[in-house]
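Per Swiss-Prot, these features apply:
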CROSSLNK  K282  ubiquitin cross-link
MOD_RES   K264  N6-acetyllysine
MOD_RES   Y308  phosphotyrosine
REPEAT    8-47  repeat 'WD 1'
REPEAT    50-91  repeat 'WD 2'
REPEAT    144-183  repeat 'WD 3'
REPEAT    186-225  repeat 'WD 4'
REPEAT    283-324  repeat 'WD 5'
Amino acid sequence: MKPILLQGHERSITQIKYNREGDLLFTVAKDPIVNVWYSVNGERLGTYMGHTGAVWCVDADWDTKHVLTGSADNSCRLWDCETGKQLALLKTNSAVRTCGFDFGGNIIMFSTDKQMGYQCFVSFFDLRDPSQIDSNEPYMKIPCNDSKITSAVWGPLGECIIAGHESGELNQYSAKSGEVLVNVKEHSRQINDIQLSRDMTMFVTASKDNTAKLFDSTSLEHQKTFRTERPVNSAALSPNYDHVVLGGGQEAMDVTTTSTRIGKFEARFFHLAFEEEFGRVKGHFGPINSVAFHPDGKSYSSGGEDGYVRIHYFDPQYFEFEFEA
């Protein structure tokens, strides 16, 4: 498996995301640049210029018309995907940590950090109502008093959002009323990443407590646990197979004090049902911060602390592989 190396960032990668068809790959890092690449050959299609701080999150809508980014420059920005033009600038009081389009692409949500005396909020804007954008007034704002949100995604059919907190809690918030519908605490430490399955019936969480866990997306019932020896920064579910890929490594601050072999910087593949690890992919120099499966399941990408993104196309052996129970 020879990876395609994407070199477009000067700082460590914070998130990578495919669009729905998987022909484009969006990457953001702790620099102000938002890059978009052709996933088939790793050619850079363009950049979205405008942010002035680290970019924490990126999302593309269903038909890849618009791109949404959230940054530490205290803004969430909406872009025209094709032209790179900035369509909206939503100012916030603190850094924007997570952002996302709902299934229809009409409503956006983003969450802000608890910092500088400001509370953590989840804001909802309806893009069909220009007055909300112009006045920077969301139609709904949910305060999070206890523990800040560290990752969030839209639930099935855009009826709720699923948010992971610094404390390890998972909350399901209604997108209509803002109330907490379900609350569970299966992780003991911060939830770094949440990714849904292709059919949105379940999702996988990646946590600092060295595990990734599988949950039902409506009841938030805990199904499976994938254990490692290192904090897990990101986890993604295969759209075709019962496989989950985990990316992680140590905390960035411990990296220089150990050799790479001890750091365990491989991407690790687990079987979804048996919770057994069956493969590893080396490559990154430093921890992996974000992983994503291509929507056709034939490749996956990872973005690391080293600032590189690697696109891996699976060998034929991967597709013939049968797991012996």
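Every residue, even glycine, has its Cβ placed from backbone N, Cα and C.
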Relative to the repeat 'WD 4' (186-225), which of 8-47, 50-91, 283-324 accounts for the most Cβ pairs at distances under 8 Å?
283-324
Around the Cβ of the residue listed as 'ubiquitin cross-link', the count of other Cβ atoms that are within 10 Å:
10
Just to be sure I understand, if DSSP states are collapsed into helix, strand and coil, how many residues of the repeat 'WD 5' (283-324) fall in each?
5 helix, 18 strand, 19 coil
So what's the mean pLDDT when you look at the repeat 'WD 5' (283-324)?
91
For a three-state summary based on DSSP, what are the helix, strand and coil counts in the repeat 'WD 3' (144-183)?
3 helix, 23 strand, 14 coil
Within 10 Å of the Cβ of Y308 (phosphotyrosine), how many other Cβ atoms are there?
21
Whole-number Å value for how far K282 (ubiquitin cross-link) lies from the residue listed as 'phosphotyrosine' (Cα to Cα):
13
Indicate whether K282 (ubiquitin cross-link) is helix, strand or coil by DSSP.
coil
